[in-house]
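What follows is one structure encoded as structure tokens, with my remarks underneath.
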Amino acid sequence: MAFATRHFVRAASSDATTAAAKKLLIKHVTIIGGGLMGAGIAQVAAASGHTVVLVDQSDEILKKSTKGIEESLKRVIKKKFADKPEAGAEFIKKTLKNLTTSTDAASVVHSTDLVIEAIVENLEVKNKLFKTLDKFAPEHTIFASNTSSLQITKMANATTRQDRFGGLHFFNPVPMMKLVEVIKTPMTSQKTFESLVDFSKAVGKSPVSCKDTPGFIVNRLLVPYMMEAVRLYERGDASKEDIDVAMKLGAGYPMGPFELLDYVGLDTSKYIIDGWHSLEPNNPLFAPSPLLNKLVEEKKLGKKTGEGFYKYK
């Protein structure tokens, strides 16, 4: 009996080793979307030695993305290589050498290990993209979305690789923020999940795990908090300025909720809360805000438009 137990332990250990060996070592990454988030993910992936292809609809967008990455890298080396300018220049050169761009997603996914989608927060558009890429990507390729609010499961169901599909939610600005939320759907295989965790660590981030629940961890707590601040202001209980000061000095937050809403974008915040409200209409945490709706309708979206809850020069 003791022999059988020892044999079982050895077998279990061997199985675990084999399973770990089967994890996908991600070397080649394709990122769809050259906006702020996509470019940021491309930067950290290229800087950590991955071969990266950044994809968007036009060369003009991609040139802007590449320029933004170069400027961001220059800021990085000022801190990282303050006393070694030559090493900093070499770091930028190597990073940019790992990065190429393309306007044809289907033609570049044929040899990729990981596809990360960072396009508009629209489920229909994302599903159309994933359905197309599913036909061209190799069987081993993992698909991941950087969505902050949409269900990963619904995107996975648009493909034939539900077990090789998960969420990789990076935070803005990507080069600075250390967190990545790794989202595992009911269909995501353990191998895929572990491969995504390993990739997150390889690009210098600290991964946390979450099920495919609305908002995952950070936004599930953060968005209701910001919405409650708006309701507090709507009721006339406190001014937005005093609410911001209170949360910065009392809770130690770097930004107050109204400052953060303006930074994130009022349209983005409205889109998230509207989506959650449609899923759980009776949840008071997800109730829409008349004031937020009004500001978005007036195109006062925050910092990016020069005015939101506050005015910006």
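Cβ coordinates are placed from backbone N, Cα and C, and glycine is handled just like the others.
Automated prediction, rather than curation, is the source of TrEMBL annotations.
What TrEMBL lists as NAD(+) binding site is GLY33, GLY34, GLY35, LEU36, MET37, GLY38, ASP56, GLU121, LYS126, SER148, ASN172, LYS304.
The annotation CoA binding site is assigned in TrEMBL to SER72, LYS79, SER148. Neighbours of LYS79 (CoA binding site), defined as other CB atoms within 10 A of its CB across all chains, total 8.
Positions annotated as domain '3-hydroxyacyl-CoA dehydrogenase NAD binding' by TrEMBL: 28-213.
Taken from TrEMBL, the feature domain '3-hydroxyacyl-CoA dehydrogenase C-terminal' covers 215-312. Averaged across the domain '3-hydroxyacyl-CoA dehydrogenase C-terminal' (215-312), the predicted model reaches a pLDDT of 96.
Residues or ranges marked as site 'Important for catalytic activity' in TrEMBL: HIS169.
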Between the C-alpha atoms of GLY35 (NAD(+) binding site) and SER72 (CoA binding site), the distance in angstrom, to the nearest integer, is 14
In Å, rounded, how far does the Cα of LYS79 (CoA binding site) sit from the Cα of ASN172 (NAD(+) binding site)? 19
Inter-residue Cα distance where the pair is ASP56 (NAD(+) binding site) and SER148 (CoA binding site), in Å: 20
Would you mind ranking the recorded positions LYS126, HIS169 by how many other Cβ atoms sit within 10 Å of each Cβ and giving me the lowest? LYS126
